[in-house]
Amino acid sequence: MAPPSLWWAKETHRGTPVVVKMENPNNWSMVELESPSDEEFVYENDTVPKGGRNRNAKQLTWVLLLKAHRAAGCLASIAAAFLSLTSAVRRRVASGRTDSADTPVKSRFFACIKAFLLLSLLLLAFEVAAYFKGWHFRQPDLRLYDAAVVRSAFDSLYSTWVLIRVGYLAPPLQLLTTVCIVLFLIQSLDRLILCLGCLWIKLRNVKPLAKHCIVDLESGDGDGYFPMVLVQIPMCNEKEVYQQSIAAVCNLEWPKGRMLVQVLDDSDDPITQSMIKEDVHKWQQNGANIIYRHRVIREGYKAGNLKSAMNCSYVKDYEFVAIFDADFQPNPDFLMRTIPHFKDNEEVGLVQTRWSFVNREENLLTRLQLINLAFHFEVEQQVNGIFLNFFGFNGTAGIWRIKALEESGGWLERTTVEDMDIAVRAHLHGWKFVFLNDVECQCELPESYEAYRKQQHRWHSGPMQLFRLCLPAIIRSEISILKKANIIFLFFLLRKLILPFYSFTLFCIILPMTMFIPEATLPSWVVCYIPATMSFLNILPSPKSFPFIVPYLLFENTMSVTKFNAMISGLFQLGSAYEWVVTKKSGRSSEGDLISLAEKEQPPPARHRNNSEPNLDEMREEIMQQEQLAAQKKKKKKKKHNRIYTKELALAFLLLTASARSLLSAQGIHFYFLLFQGISFLLVGLDLIGEQVE
């Protein structure tokens, strides 16, 4: 009879529970219910061999089979993803749609990149040939071979090339490298100071406080502070989102007689015009104080639209104007939480609120945008608002004192950043700004790379246009020298000009050049450690985005080509400087969300609301009609396509060529950075980030 201990072990040991499903001999699968632990194996005579535990052969076989099954599934998933990626690339190449399809005039910027790429390919071939002939340079500061070593014409040619590098090319390249490193460190210091300022605000719980609290609307107009408010919704061919923005604005909690909503429609599509006009009429019939305006002469883009609306005779009766773009949905208490900051504070000209995003997790592109915008609002806007009372107006989700707009010259169409323009001019006239980080307004992020690219081009071209136009006025203004220095050196030069300049020049031009001219060196801490630290600081306001820190770092460098191109265009007034393209919206807040909003906000009869909501049955019927109309127009609608972006592709091949050259010099960090950055450019150039159109 077996000892009790061994009998107990045999009874309790269950092996590896596995279910084998077999429909037929050619179709079977295994499911592991519970992996065996080390203690569950049986040992003979309760002993463990010196070399390890004596595991049962069948158990080991099943475990190995399960591991192999998992590995096969993983390989199958990778293969499927690779095939899908290959198919997408093949479709892009076959369609032949590039970013240059809409611009017949060839870009000089792209021509320079192509020339640089061709030169790098020639140099790579030259360096590889020299490598196999014995010219092995593993240190950045190379030792030239003695003349006696030169035995052939190729050796003579290569030694001459090395002399040219050392004597003529390396010194100016090293000087440019040093200048860019200094600019990089200054900009990093500025970002660090902003983060420290934000930390101080958090620790001290500093935030703007209203001097007057608005009482509940049930108390009546006479018991609280309810100034006349004009609400403007500028839009242009944005039929995907107009309904939700109009509904949200008409649900704002404010006395009916003290608020007017202007729907400023610049659409050139007759169908979109009629849809918006019909929606406005519906809200008018249900008691909303709302009007529809359409310009006959559509000049000046958004600035011209706002300027035209402010010229209406009835505007003189209003004290404040709130502006919401077509995809923005303010909460019902938006005015109740923002207007009090103007009370008894005649110096405040603007109250700006924070944006939140309904589609922040839609794809990788929206997640990366969230990191940038979270830092912009949480750190930049908040710190500048608390310490300087000045920041750039975001163009929407803000309230202006109409007197401040008029004294500053009103809306001007001279740049593509009319919001920044009016903010700078108002600051020069002594007006103060308030930023409310705890008041949010929902909106959408662009989901396609094409839309995001055009948006970033406008955002980085416009400030340079504005800087040229505003510099004389800034110098002549009566504000303090410190405020002038802040606007000129920090607001414009450092954050709008130097940032895109060094980002593109340092990582997309200088770094590849140092691979072919190794006598000029770029330290590893500039390539790796400082950018990683800055990315870490940028991602702090959105901690859930930490898994995307590496893609974020690579993508920001990839976007530097667009931002640099836009900055140069705006600074020197090149052809694309005044390009204005309305950012494409997808309407992620669906009609179902709109109905939920109406149901949620339907007030009891006792409340003095500014309007009554439309009948829900009518709203559902209208939504069904619009869906049928959209289905009818679907065939006639212009089909969307993913594009190939030539500048990004050219830079991808340039960086990959430089990474191949870095292997000859055994530069580890530089090789990996160039490799992954080149892959990042390649993915963006093939439009594999963001919305994918089948």
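Using N, Cα and C of the backbone, Cβ positions are placed for all residues, glycine too.
Here TrEMBL gives transmembrane segment for one range in the set 144-163, 644-663: that range is 644-663.
Stretch with the largest number of CB pairs closer than 8 A to the transmembrane segment (109-132), among 175-201, 497-516, 644-663, 669-689: 644-663. Outside the transmembrane segment (669-689), and at least 6 residues removed from its termini, the chain residues within Cβ reach (under 8 Å) are 85, 88-89, 92, 363-365, 449-450, 507, 511-512, 514-515, 522, 524, 527-528, 551, 554-555, 557-558, 642-656, 658-659, 662-663.
For the domain 'Glycosyltransferase 2-like' (321-530), the model's pLDDT averages out at 95.
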